[in-house]
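Database features (TrEMBL):
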type: ACT_SITE; residues: Glu55; note: active site, proton donor
type: BINDING; residues: His53, Cys78, Cys87; note: Zn(2+) binding site
type: BINDING; residues: Ala157, Trp173, Thr199, Ser225, Gly295, Ser296, Lys297, Leu298, Ser299, Gly300, Ala301; note: NADP(+) binding site
type: BINDING; residues: Ser171, Arg187, Asp203, Leu207, Arg210, Glu293; note: substrate binding site
type: DOMAIN; residues: 4-126; note: domain 'CMP/dCMP-type deaminase'
Amino acid sequence: MFAPADHAHMSQALQLAEKGLYGTSPNPRVGCVIVRDGRIVGSGWHERAGEPHAEINALVAAGTAAQGATAYVTLEPCSHHGRTPPCAEALIKAGIAKVVTAMTDPNPLVAGRGSALLEQAGIEVQTGLMEAEAKALNIGFVARHTRKRPWVRVKIAASLDGKTALGNGSSQWITSEAARRDGHRFRARSCAIMTGIGTILADDPQLIVRHVETFRQPLRVVVDSRLEIPLDAKALRGEGELVFAAAASEGKITALRDVGAHSIVMPDKNENVDLVKMMQTLADFEINEVMVEAGSKLSGALISAGLVDELVIYFAPCLIGDVARGMLQLPELTDLADKRALTIHDLRMVGPDIRVIARIP
Ligand code: AOF
Ligand code: ZN
């Protein structure tokens, strides 16, 4: 159904979409290329939520050349009035003759309605060109809409023997500057950065994006069962930071509100934070991708609860020895048949360190 030229145009649209990697949250990254008589007459991408969608930017660039042209869009054009008006209507008005999309929009407000509108207007619509690439680019947006949970990525920095800190807690720094900078690129693409109270008390991290050119900072989320977080924690220096607790006094909730942070009390039956509900809540808050940078307890608990999709592990070429902290607190296994199987998604050097991206199927 698709010719080599179609692939070339969609591939270009995907490259444009990727320019929105750090900026479009909570919207998807979307690119659009408009082609007439084999020539690109306009292109664009979605830069940030509230601003025009990819198709509109491409249509503006194409002007009257859009008449009778084919639009290649990495996501089904929208049909709804959100922060911006529907792209399907704009494409129809501009006289586009054919639309090729990579994937259907999983947003229930769209979900096929965009393509239907185009077809009703007599526009030919083809769907599914380079679908795997398009879905990968919006892995969190797809996860949020299809399973009502964000895509959750756990970052770990370890020695080659898998240790993340000394017995006394000291962990700065095991991996290289290059690895730490690389970690900031994962932060930058995330809608939220999550940590636990243990890390807050031990390291007082800021949990902000540095070393990456971006105009937005992800939401900071702290899992803190007994709401012990100090009011002057660096991770709370902002507006609207979220703290999930299992129990809390009204006084502490008010004090946190006064410093601009929201507490959400959500206990499970063991009086810990209900992690499943927490992730569903984050999805309700339009969080697509969560980056977890926590200790072995929270990271392990999230894995045990079946909430982690991806591990990003940096291994530094050094040994720390067995009397040190491991990566993940998981229940003891007595049968190796029960071990958790992973798939290796990516493997590369980052400076002197090794980066492994493993996925939990
Ligand atoms: C597109 N092209 O470039 C994007 C789309 O609130 P709004 O108006 O920005 O709408 C956001 C929704 O529109 C988003 O959840 C997704 O369904 C769609 N995003 N659609 O055709 C774009 N960013
Ligand atoms: Zn749109």
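Numbering starts at 1 and runs along the chain as it is shown here.
Keep in mind that glycine also has a Cβ here, set from the backbone N, Cα and C atoms.
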Roughly where does the domain 'CMP/dCMP-type deaminase' (4-126) sit in mean pLDDT, to the nearest integer?
96
What is the total of other Cβ atoms whose distance to the Cβ of Gly295 (NADP(+) binding site) is within 10 Å?
23
As a test of the contact definition, list every same-chain residue at least 6 positions from Glu293 (substrate binding site) whose Cβ is closer than 8 Å to its Cβ.
Lys155, Gly183, Arg187, Ile193, Met194, Thr195, Thr199, Pro205, Leu207
Which is it, of Glu55, Asp203: the one of these recorded positions whose Cβ has the most other Cβ atoms within 10 Å?
Glu55
For the binding-site residues His53, Arg187, Arg210, Lys297, work out the Cβ neighbour count at 10 Å and name the residue with the minimum.
Arg210
Using DSSP, tally how many residues of the domain 'CMP/dCMP-type deaminase' (4-126) sit in helix, strand and coil.
43 helix, 24 strand, 56 coil
CB neighbours of Ser171 (substrate binding site) within 10 A?
20
